[in-house]
Ligand SMILES: C[S@@+](CC[C@H](N)C(=O)[O-])C[C@H]1O[C@@H](n2cnc3c(N)ncnc32)[C@H](O)[C@@H]1O
């Protein structure tokens with residue numbers, strides 16, 4: 001799966017992953033992160049998620065990264081914001097008060113460009129990536145953010161029954177990917193249906209840095 005896969009999804013409006021209201025796992029559990037007012041939250045592979053508007057409405061700043069120019073355009077339209085746009089290396093930065101979205105590939109984003117963030121919200125980002133990319137992604141997000149705390153949503157199910165994305169990611173894999181830098185604890189685990197085809201488990205993980213941050 002390469003970047004063309006996602007750009008084509010947005011072109012064809014195959015965006016079933018997009019939720020029409022802020023995700024309750026975020027709205028009901030953000031307090032776990034103990035963020036200071038005005039703190040910045042990193043939203044990798046953000047699409048045009050309504051969680052960004054919700055985080056801003058709670059007084060937090062948001063920094064996102066997203067491949068698709070369509071998603072970025074519609075994100076700002078939905079928020080009734082006109083971004084100031086600049087080129088930053090291979091990425092394009094779209095900025096408005098309390099919001100910066102880097103349009104491009106997350107692997108082209110570096111820590112200096114991202115700037116300081118206080119936490120990461122990962123929903124449909126890790127699980128959007130095939131197994132062979134997930135270790136690189138997890139290490140990159142950890143390094144980019146300086147291993148700030150994360151709330152991470154995963155989905156686990158029988159990968160033989162349904163093909164991803166979203167891909168099945170087990171608790172053991174979360175611990176393998178993040179267990180060196182983070183203490184990994186499960187906040188919520190609940191049954192779900194994957195594409196209406198197969199039972200699965202959706203989990204919310206709190207990753208808190210082992211070395212403090
Ligand atoms: C399953 S969607 C989830 C979007 C969002 N997190 C949400 O909850 O609605 C995954 C998103 O990641 C974007 N994406 C995939 N690979 C990417 C990459 N390497 N860099 C930046 N964005 C990427 C896709 O364009 C897509 O919008």
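Numbers here mean position along the shown chain, with the first residue as 1.
Glycine residues also receive a Cβ, built from the backbone N, Cα and C atoms like all the rest.
Caution: TrEMBL annotation is automatic and unverified by curators.
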Listed co-binder of S-adenosyl-L-methionine (same site as 10, 45, 66, source TrEMBL) among 123, 136: 123
For residue 10 (S-adenosyl-L-methionine binding site), the number of other Cβ atoms found within 10 Å of its own Cβ: 21
